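Have a look at the structure below, then the notes.
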Amino acid sequence: MSHRSIDPARLLGRIAELGAIGRDAEGMLVRLAASDSEKLGRDRFVSWLEEAGLEVAVDRIGNIFGIWNGAGGKEKPIMIGSHIDTVINAGIYDGCYGVLAGLEVIQTLKSEGFEPRHPIVVAAFTNEEGVRYAPDMMGSLVYSGGLDVTAALETVGTDGTVLGDELARIGYAGTHAPGFMTPHAYVELHIEQGPVLEREGVPVGAVEDLQGISWQKVTIDGDANHAGTTPISMRRDAGYAAARVITFLRDRAKASNTPTVATVGCIAFEPNAINVIPSRATFTVDLRDPDEDRLKEEENALAAFLELLSAEEGVGVSVERLARFEPVKFDQSIVHLIEAAARDRGLACKRMTSGAGHDAQMIARIAPGAMIFVPSRGGISHNPKEFTADTELVAGANILLDVICGLATGELPR
Ligand code: HGY
Ligand code: MN
Ligand code: MN
């Protein structure tokens, strides 16, 4: 049975080319939201959209859209989205694969004279990673009405910059109102970023839900003092107190025998000197769980521990909420479409929960959606060792092609 196919060389070539854009002097891939290096990636993506003959639109939070009106007329569009901003020292597939595969699907269908009943749109959402500006998935959160665009543009980054100023500086302070197109359906293709598909030898994941995310910034205040002369009993050591929080979180998650995960990814001491007891420790806490009640329990347990710690160590503790997203269920009919597309191509497919946050969880607020996963080598991501084989990338893009055709015509294509 013959199936349509995307153009593998074009997709893989673009993934490699975009993956080379935004590398620093050490060769690390760093395309933080609204930075100069991300502008280079944005510009290249827009040039590909123009080459494909798509209408390009940018909204006020800098989300970029490539729109193929086609025969779809005024119907609600089918949207394929993800992101092209990265973490620090990133891999080349996270987000970029889904955006470029979306463009590839549109170009393939356009070139074949396919007549969709709906416009088809590819979207690159601003600041999905949330590394420079919290929260993550910000562009799709604003687009879906979960965060006011003016408040988002006023966000101050970890480097003291203001998001709105940076978007204007790089030329991506668009004019379209976020949410200017309500999708008929939304599909996101993404690397799994975990070990499951590879471990089970399954090439396709049909993602039916996504876990809840809680981001907090904790500040612990103690007293700077001499590392040599201050007896342990007299210390108000913010560094030691922070270490107790990190081990508390890890031990609790490990002992829970649940999918709960806890991560302290950023930490800074003041005055940060080898012979001075830290007067201040500032760190982030990332808690996740597919079950909302358990996630709340984790947050409450952390709050209780911080109170205990403050009393035992004589330190001050303050907490700032950075992000909080409840678990999301995706649309079962689109999940079924993904499974049918895989079956139709003779590919095994596994239903999954996403451990990572994605733009799909935000767009699920305004449209039915689901995600397609492909395997990650060693389950590694947010790391330059992130890798997915070309054959797996192409297979995932062809599943996306079939699912979009199915959504655009109402039946699974042959
Ligand atoms: O945090 C996440 O899960 C995503 O990579 N932004
Ligand atoms: Mn991603
Ligand atoms: Mn990511």
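Each position is counted from 1, following the chain as shown.
Placed from the backbone N, Cα and C atoms, the Cβ positions cover glycine too.
What TrEMBL says about this protein:
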BINDING   His83, Asp94, His190  Zn(2+) 1 binding site
BINDING   Asp94, Glu129, His382  Zn(2+) 2 binding site
DOMAIN    211-307  domain 'Peptidase M20 dimerisation'
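The 10 Å shell around the Cβ of Glu129 (Zn(2+) 2 binding site) contains 22 further Cβ atoms across the protein chains shown. As a summary of secondary structure, the domain 'Peptidase M20 dimerisation' (211-307) carries 38 helix, 31 strand, 28 coil according to DSSP.
Classification of Glu129 (Zn(2+) 2 binding site) by DSSP places it in coil, neither helical nor stranded.
Between the listed binding-site residues, namely His83, His190, His382, the fewest other CB atoms within 10 angstroms of a CB are found at His382.
Listed in sequence order, the residues of the same chain lying 6 or more apart from Asp94 (Zn(2+) 1 binding site) and placing their CB within less than 8 Å of its CB are Thr86, Val87, His190, Ile191, Gln193, Ser381, His382, Glu386. Excluding His83, Asp94, His190 themselves, the residues of that chain whose CB lies within 8 A of the CB mean position for the Zn(2+) 1 site are, in sequence, Ser82, Tyr93, Gly95, Cys96, Tyr97, Gly98, Val99, Glu128, Ile191, His358. Highlighted in sequence order, Thr86, Val87, Ala90, Gly91, Gly95, Glu128, Val131, Gln193, Ser381 have their Cβ within 8 Å of the centre of the Cβ atoms of Asp94, Glu129, His382, the residues recorded for Zn(2+) 2, and are not part of that set. Distance from the CA of Glu129 (Zn(2+) 2 binding site) to the CA of His83 (Zn(2+) 1 binding site) is 8 Å.
DSSP gives His190 (Zn(2+) 1 binding site) a strand state. Within the model, the domain 'Peptidase M20 dimerisation' (211-307) shows a mean pLDDT value of 98, rounded to a whole number. Proximity to ligand 3 at the level of Cβ atoms, with a cut-off under 6 angstroms, picks out Asp94, Glu129 from the binding-site residues His83, Asp94, Glu129, His190.
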